[in-house]
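What follows is a single structure, written as structure tokens, with notes after it.
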Amino acid sequence: MKANLLVLLCALAAADADTICIGYHANNSTDTVDTVLEKNVTVTHSVNLLEDSHNGKLCRLKGIAPLQLGKCNIAGWLLGNPECDPLLPVRSWSYIVETPNSENGICYPGDFIDYEELREQLSSVSSFERFEIFPKESSWPNHNTNGVTAACSHEGKSSFYRNLLWLTEKEGSYPKLKNSYVNKKGKEVLVLWGIHHPPNSKEQQNLYQNENAYVSVVTSNYNRRFTPEIAERPKVRDQAGRMNYYWTLLKPGDTIIFEANGNLIAPMYAFALSRGFGSGIITSNASMHECNTKCQTPLGAINSSLPYQNIHPVTIGECPKYVRSAKLRMVTGLRNIPSIQSRGLFGAIAGFIEGGWTGMIDGWYGYHHQNEQGSGYAADQKSTQNAINGITNKVNTVIEKMNIQFTAVGKEFNKLEKRMENLNKKVDDGFLDIWTYNAELLVLLENERTLDFHDSNVKNLYEKVKSQLKNNAKEIGNGCFEFYHKCDNECMESVRNGTYDYPKYSEESKLNREKVDGVKLESMGIYQILAIYSTVASSLVLLVSLGAISFWMCSNGSLQCRICI
């Protein structure tokens with residue numbers, strides 16, 4: 001009875017003891033992140049680094065409208081296909097939009113030489129000046145400048161390219177021509193021309209009066225001599241002849257010289273180019289809307305400051321880097337493991353606290369105390385703020401380093417460069433895989449470091465309290481300490497702010513600690529006596545029982561007993 005009473009008193013004393021616990025914040029967040037060692041770790045706070053949404057629209061880029069080619073393509077626009085007349089007034093744009101199935105390109109059949117390279121050059125042009133390089137009325141007085149064809153009809157009538165002149169015989173003669181232009185524009189000038197290849201000698205004679213014609217085009221770094229290739233060909237757009245189209249970029253101060261005695265499709269208009277790093281060409285079926293953006297893709301505009309996107313690899317403007325990842329989320333908070341009430345209030349970050357506190361809302365790490373005056377939470381503002389500053393700086397640094405926004409336009413290859421195109425795709429895929437791997441690895445490593453950082457902070461807070469209390473309190477697990485003395489709210493605050501007065505409470509703690517130890521010792525002594533008594537009594541009962549059984553068996557003859565002297 002005495003032992004039971006002492007044990008009960010000890011239990012009551014423990015139940016009334018003041019306690020303080022170290023813990024961390026938890027909330028109802030369902031955000032999950034991946035680390036090097038774990039997947040789908042639920043955390044209290046995180047930031048998304050991957051943009052996966054767009055508005056499905058073509059928008060102005062930094063306030064400047066794009067050039068929509070509509071049913072025309074680059075070739076039809078630059079040569080001046082009559083069906084592209086609405087594009088003639090255009091002088092500037094933010095980017096150029098082609099549709100996948102544009103109908104109006106070159107109208108007279110033939111090849112546009114180095115067309116893909118020209119598109120690449122135009123991808124960095126944001127405006128141009130269209131000007132008469134060789135005026136129609138004065139440049140070719142001895143030749144007919146009104147050549148037209150049904151292949152380039154407009155409104156039901158034969159016509160021709162708006163930027164070129166088809167020079168033919170005049171009054172039965174095609175005298176040798178020579179004309180030049182000096183670039184005084186102070187910028188590169190794009191010059192286009194063509195060479196006509198008739199289907200037979202009769203047409204050659206009728207148009208140019210010369211069966212041995214040639215065309216010569218010369219600049220300081222371009223020198224070509226062309227001769228017509230007269231041959232029967234299958235009809236395209238009802239034409240058995242062909243025209244090949246050529247271009248060159250004339251540098252400032254340079255001169256271009258045209259010399260011919262037939263078959264020249266002469267330039268009438270040229271373009272003084274102004275380069276712009278934010279321009280580009282995209283192929284898209286999206287429609288134009290009244291909106292503004294800093295980043296345009298063929299699928300739609302992206303308005304985001306995130307460093308990565310998985311929407312489209314082709315982008316115009318200040319755009320996130322394209323990666324193939326489906327998720328890139330960086331942790332900024334803690335593991336989110338709310339404490340389970342059936343286990344008690346306190347429970348483990350860093351392996352010694354089983355769960356976080358949803359009741360602590362003003363910090364990441366802190367305390368929960370319980371004494372005669374009640375109980376409550378208090379965040380440790382200093383460690384929380386230091387952690388927030390460190391993680392915020394880290395996230396900003398990561399985003400700043402990876403947020404290299406730029407234009408990524410597709411490369412152009414003609415049908416004869418299929419192997420080069422395939423090789424380029426493999427190279428691009430390789431770079432894309434590297435970018436994706438680097439982005440994912442960076443996030444995994446930083447998430448691991450952040451969660452370890454939080455674990456370390458909680459441990460440090462625990463050790464800070466432990467070093468103050470020393471033997472004035474005992475560790476009871478789950479990040480908690482039980483005081484050997486009364487600790488009111490003022491005392492609790494001193495523990496939290498690091499000013500706990502150990503000597504002040506050491507005498508009271510010593511007495512209470514000795515009482516508790518004495519109760520344990522006395523209880524242990526009584527239990528030992530009871531154990532010995534129980535063992536002896538059990539042995540005596542066993543011996544008496546064995547003797548009774550032996551006497552009974554002897555009396556009925558089942559057991560013979562012989563006593564020898």
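Cβ coordinates are placed from backbone N, Cα and C, and glycine is handled just like the others.
For 1-17, the entry in Swiss-Prot reads signal peptide.
For the topological domain 'Extracellular' (18-528), the model's pLDDT averages out at 87. If you look up Swiss-Prot, you'll see 18-528 marked as topological domain 'Extracellular'.
The N-linked glycosylation site feature in Swiss-Prot is assigned to ASN27 (among others); the stated evidence is sequence analysis. ASN27 (N-linked glycosylation site) counts 18 other C-beta atoms within 10 Å of its own C-beta, drawing on all protein chains shown.
Around ASN28 (N-linked glycosylation site), the same-chain residues at least 6 positions away in sequence with a Cβ under 8 Å from its Cβ are PRO338, THR358. Among the features that Swiss-Prot reports, N-linked glycosylation site is placed at ASN28 (among others), with the record citing sequence analysis.
Per Swiss-Prot, the feature N-linked glycosylation site maps to ASN40 (among others). On its own chain, ASN40 (N-linked glycosylation site) has THR32, VAL33, ASP34 as residues at least 6 apart in sequence with a Cβ closer than 8 Å to its own Cβ.
Just so you know, the Cβ of CYS59 (disulfide bond) picks up 25 other Cβ atoms within 10 Å once every protein chain is counted. Here Swiss-Prot flags CYS59-CYS291 (among others) as disulfide bond, drawing on sequence analysis.
CYS84 (disulfide bond) is surrounded by 24 other CB atoms, counting those within 10 A of its CB over all protein chains shown. Annotated disulfide bond per Swiss-Prot: CYS72-CYS84 (among others), in sequence order.
Among the features that Swiss-Prot reports, disulfide bond is placed at CYS107-CYS152 (among others). Listed in sequence order, ASN81, PRO82, CYS107, TYR108, SER158, SER159, PHE160, TYR161 are the same-chain residues at least 6 apart in sequence whose CB falls under 8 Å from the CB of CYS152 (disulfide bond).
Taking Cβ-Cβ distances under 8 Å and a sequence gap of 6 or more within the same chain, the neighbours of ASN285 (N-linked glycosylation site) are THR99, PRO100. Residues or ranges marked as N-linked glycosylation site in Swiss-Prot: ASN285 (among others).
Just so you know, the Cβ of CYS295 (disulfide bond) picks up 25 other Cβ atoms within 10 Å once every protein chain is counted. If you look up Swiss-Prot, you'll see CYS295-CYS319 (among others) marked as disulfide bond, on the strength of sequence analysis.
Sequence-distant neighbours of ASN303 (N-linked glycosylation site) (same chain, 6+ residues apart, CB-CB distance under 8 A): ASN55, THR293, LYS294, CYS295. Annotation source Swiss-Prot lists N-linked glycosylation site at ASN303 (among others), citing sequence analysis.
CYS491 (disulfide bond): 20 other CB atoms within 10 A of its CB, across all protein chains. Residues annotated as disulfide bond in Swiss-Prot: CYS487-CYS491 (among others).
For ASN497 (N-linked glycosylation site), no same-chain residue that is 6 or more apart in sequence has a Cβ closer than 8 Å to its Cβ. The N-linked glycosylation site annotation in Swiss-Prot covers ASN497 (among others) and rests on sequence analysis.
Swiss-Prot lists 529-549 with the feature transmembrane segment, giving sequence analysis as the kind of evidence.
Among the features that Swiss-Prot reports, topological domain 'Cytoplasmic' is placed at 550-565.
Sequence annotations record features per position, and here Swiss-Prot assigns S-palmitoyl cysteine to CYS554 (among others) based on sequence analysis.
Of the candidate recorded positions, ASN27, CYS72, CYS291, CYS491, the one lying closest to CYS319 (disulfide bond) when CA atoms are compared is CYS291.
ASN497 (N-linked glycosylation site) falls within a helix when secondary structure is assigned with DSSP. Of all the disulfide-bonded residues listed here (CYS72, CYS107, CYS291, CYS487), the one with the fewest other CB atoms within 10 A of its own CB is CYS291.
Between the CA atoms of CYS487 (disulfide bond) and ASN27 (N-linked glycosylation site) there is a gap of 29 Å.
A gap of 20 Å separates the Cα atoms of CYS72 (disulfide bond) and CYS59 (disulfide bond). Ranking the recorded positions ASN27, CYS84, CYS491 by the distance of their Cα atoms from the Cα of CYS59 (disulfide bond) places CYS84 first.
The Cα of CYS491 (disulfide bond) lies closest to that of ASN27, out of the recorded positions ASN27, CYS84, CYS291.
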